[in-house]
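Visitor: Would you mind keeping the following structure in view while I ask a few things?
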Amino acid sequence: MKTICFYRHICSLNYVKMEDSESQLLSDEYQPPETLLGSLDIFVFSLIAGLLIYWFFFRKKPEPVLDLKTFPANRNVVVFYGSQTGTAEEFANRLAKDAHRYGMKGMATDPEEYDMSELSRLKEIPNSMAVFCMATYGEGDPTDNAQEFYDWMQGTDDDLEGVNFAVFGLGNKTYEHFNATGKYTDKRFAELGGKRVFDLGLGDDDSNLEEDFISWKEQFWPAVCEFFGVEATGEESSIRQFELVVHNDINMNQVYTGEMGRLKSFQTQKPPFDSKNLFLAPVTVNRKLNRGGNRHLMHIELDVMDSKIRYDAGDHVAVYPTNDAAVVSRIGERLGVDLDTVISLKNLDEESNKKHPFPCPSTYRTALTHYLDINNTPRKNVLYELSQYTSDPQEQENMRKMASASPEGKALYQSWVLDSERNILLLPQLQARYYSIASSNKVHPTSIHICAVVIEYTTKTGRVYKGVATNWLKNKEVTENGHKHTVPMYVRRSQFRLPFKPSNPVIMTGPGTGIAPFVGFIQERAWQKEQGKDVGETILYFGCRHKNEDFLYQQELEEFERAGVLTQLNVAFSRDQEHKIYVQHLLKKNKEQLWKLIHSNNAHIYVCGDARNMARDVHTAFYEIAEEVGGLTHTQAVDYFKKLMTKGRYLQDVWS
């Protein structure tokens with residue numbers, strides 16, 4: 001990975017990093033035959049080994065030489081972001097632009113592209129500070145681009161005294177480890193001696209993440225002014241940061257066509273595949289799972305035979321959708337542009353390490369199809385920017401009101417923008433969608449399975465909203481003419497894993513499409529059983545609306561039950577009777593058995609699905625089981641299951 005020194009660009013490092021060598025240990029009982037090694041051979045071998053040991057461990061290594069000429073001495077506010085979906089990156093850019101209103105110069109940057117061990121040298125710049133916009137992903141994990149930075153924080157003992165910092169975390173309160181990465185960053189920098197300029201901000205995506213950010217930001221900048229003794233200049237910040245360049249004469253082999261990283265990577269596929277080098281997986285199966293109802297639940301299989309991609313049951317597959325071609329065409333008509341015109345967006349900040357907002361050059365059509373989220377609702381800062389160009393006084397007033405933090409403005413923004421799912425052509429980047437893999441690599445080593453529900457509904461204002469990725473996947477139909485649709489994808493590793501010992505019982509709870517990883521788990525337990533391994537109890541709690549409509553994978557699950565792989569198949573049909581029954585009710589019904597498995601038999605608990613309601617209700621059910629059967633107080637029950645989570649015996653794969 002290319003690493004840029006904190007002083008912005010690559011340092012000249014005058015040393016060669018040697019590869020670690022593995023040593024083999026010979027037991028004392030083993031004596032090699034004399035004919036293989038004589039005394040002289042042993043002496044020469046020992047001499048060489050001694051020289052190698054000296055070379056590796058005792059020779060004086062040259063000190064790295066820093067190229068200080070590339071140091072951005074005119075930037076004193078550096079905003080790092082840990083971003084999985086682009087929101088933290090957007091917030092970081094907004095903070096960096098705000099800085100000039102206070103006579104400071106900011107830059108937003110990816111910690112993955114910097115050597116964070118150089119961070120302590122930021123104190124050499126007058127009135128400088130590091131700001132961190134850190135999102136938390138999954139079960140308290142850092143985002144992919146912040147993983148190395150997180151590892152550095154855990155292992156470093158660098159002295160950060162004199163380094164000023166502030167942290168805004170992005171999380172969701174429906175998750176157990178709410179804002180864990182932001183909290184850890186704030187705590188760790190204080191432990192290392194950093195000076196906290198302003199209190200930790202905690203954004204909650206379950207409520208209104210942007211409102212939380214704006215509220216924090218409005219208090220953050222006055223605190224910065226007081227800390228550094230500066231005042232606002234009165235200048236307004238602008239979101240405009242890119243210059244449009246039209247290429248009238250360009251070799252089309254130099255133009256991106258949807259690739260995320262390497263140019264022409266879709267034409268010439270080379271492993272390893274990741275977020276910058278996607279594999280185009282052919283769709284071999286696309287079938288509807290439900291037999292009735294007004295929803296469309298689907299099972300999709302992706303062929304990864306030629307990719308060298310490996311995965312484990314419980315991992316996530318990241319797919320990169322494209323926008324609806326008809327909508328893209330309508331946008332082109334509305335803007336009055338030729339969608340096949342080749343363009344680039346060039347960063348006006350020449351010192352920024354991000355030269356373009358998406359791969360450039362590309363055509364308008366490619367940008368609107370592959371790179372920009374044309375369904376995204378506009379942020380408040382965008383509305384404020386647009387209000388400056390609005391000719392209608394009433395519309396200008398409404399846009400500025402929605403961009404404000406006033407109660408009236410918040411209500412108007414909620415009703416007119418969010419509830420109505422309005423979008424606008426100042427667009428963030430189209431992000432990957434992550435799905436829990438619904439297969440086991442032990443059974444399906446060359447294919448990855450997806451279970452998903454198509455998102456489509458009518459808003460309060462009568463507008464029809466369609467989910468980009470699920471509708472795109474739905475249309476990837478398998479034909480008999482030999483043509484196969486492809487899906488750009490890669491695999492993201494997860495901590496959602498079966499027990500190391502197959503003999504440990506597993507308790508799985510996953511209503512709706514939350515069943516996805518458990519299909520893979522059950523397949524793997526069946527495979528383990530076929531290998532002659534001692535497989536513990538495998539218990540599933542599944543929930544759906546109606547038995548005759550959306551009992552997903554019914555045939556497969558019942559076959560696993562008949563084969564003895566699935567010890568218990570418990571299904572809650574919520575709407576087949578007058579009173580609704582959910583998975584948590586079935587858990588409580590079997591409370592004595594469950595407590596014995598958990599408390600005495602070392603069972604592992606897994607929950608997958610909706611975080612806002614289901615996961616919370618299931619959590620409460622387990623608390624009540626511990627209280628009613630185990631005799632624990634509520635406080636003791638909470639502590640009991642927290643310890644299980646720490647030990648990796650209570651795992652969640654949830655979303656909101």
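Our numbering is plain: 1 for the first residue shown, then up by one each step along the chain.
Yeah, the Cβs are placed from backbone N, Cα and C, and that goes for glycine too.
All TrEMBL annotations are machine predictions without curation.
Pasting the feature list from TrEMBL:
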{"type": "TRANSMEM", "residues": "36-57", "note": "transmembrane segment"}
{"type": "DOMAIN", "residues": "77-221", "note": "domain 'Flavodoxin-like'"}
{"type": "BINDING", "residues": "83-88, 135-138, 170-179, Asp205", "note": "FMN binding site"}
{"type": "DOMAIN", "residues": "276-499", "note": "domain 'FAD-binding FR-type'"}
{"type": "BINDING", "residues": "Arg295, Thr513, Ser574, Arg575, Lys580, Ile581, Tyr582, Val583, Gln584, Asp617", "note": "NADP(+) binding site"}
{"type": "BINDING", "residues": "Arg433, Tyr434, Tyr435, Ser436, Cys451, Ala452, Val453, Tyr457, Gly467, Val468, Ala469, Thr470, Trp655", "note": "FAD binding site"}
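Map the listed features onto the structure and describe their local environment.
Guide: Secondary structure of the domain 'Flavodoxin-like' (77-221) per DSSP (helix as H, G, I; strand as E, B; remaining residues coil): 65 helix, 37 strand, 43 coil.
Within 10 Å of the C-beta of Asn172 (FMN binding site) we count 21 further C-beta atoms, all protein chains included.
For Trp655 (FAD binding site), applying a Cβ distance below 8 Å and a minimum sequence separation of six or more within one chain yields Gly609, Asp610, Ala611.
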Visitor: Enter the number of other CB atoms within 10 angstroms of the CB of Ala469 (FAD binding site).
Guide: 21
Visitor: Work out how many Å separate Ala135 (FMN binding site) and Tyr582 (NADP(+) binding site) at their Cα atoms, rounded off.
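Guide: Cα of Ala135 (FMN binding site) to Cα of Tyr582 (NADP(+) binding site) measures 32 Å after rounding.
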Visitor: Give, as a single whole number between 0 and 100, the mean pLDDT over the domain 'FAD-binding FR-type' (276-499).
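Guide: Per the prediction, mean pLDDT sits at 90 for the domain 'FAD-binding FR-type' (276-499).
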Visitor: Taking every protein chain shown into account, which of the binding-site residues Ala135, Cys451, Val453 has the largest tally of Cβ atoms within 10 Å of its Cβ?
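Guide: That would be Ala135, with the most Cβ atoms nearby.
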Visitor: Measure the Cβ-based neighbour count of Gln584 (NADP(+) binding site), defined as the other Cβ atoms within 10 Å of its Cβ.
Guide: 24
Visitor: Return only the integer: C-alpha distance in Å from Tyr175 (FMN binding site) to Gln584 (NADP(+) binding site).
Guide: 18
Visitor: List the Cα distance (Å, whole number) between Gly86 (FMN binding site) and Lys580 (NADP(+) binding site).
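Guide: Computed Cα spacing between Gly86 (FMN binding site) and Lys580 (NADP(+) binding site) is 38 Å.
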Visitor: Looking only at Cβ atoms, how many others are within 10 Å of the one on Tyr435 (FAD binding site)?
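Guide: Here the count is 22.
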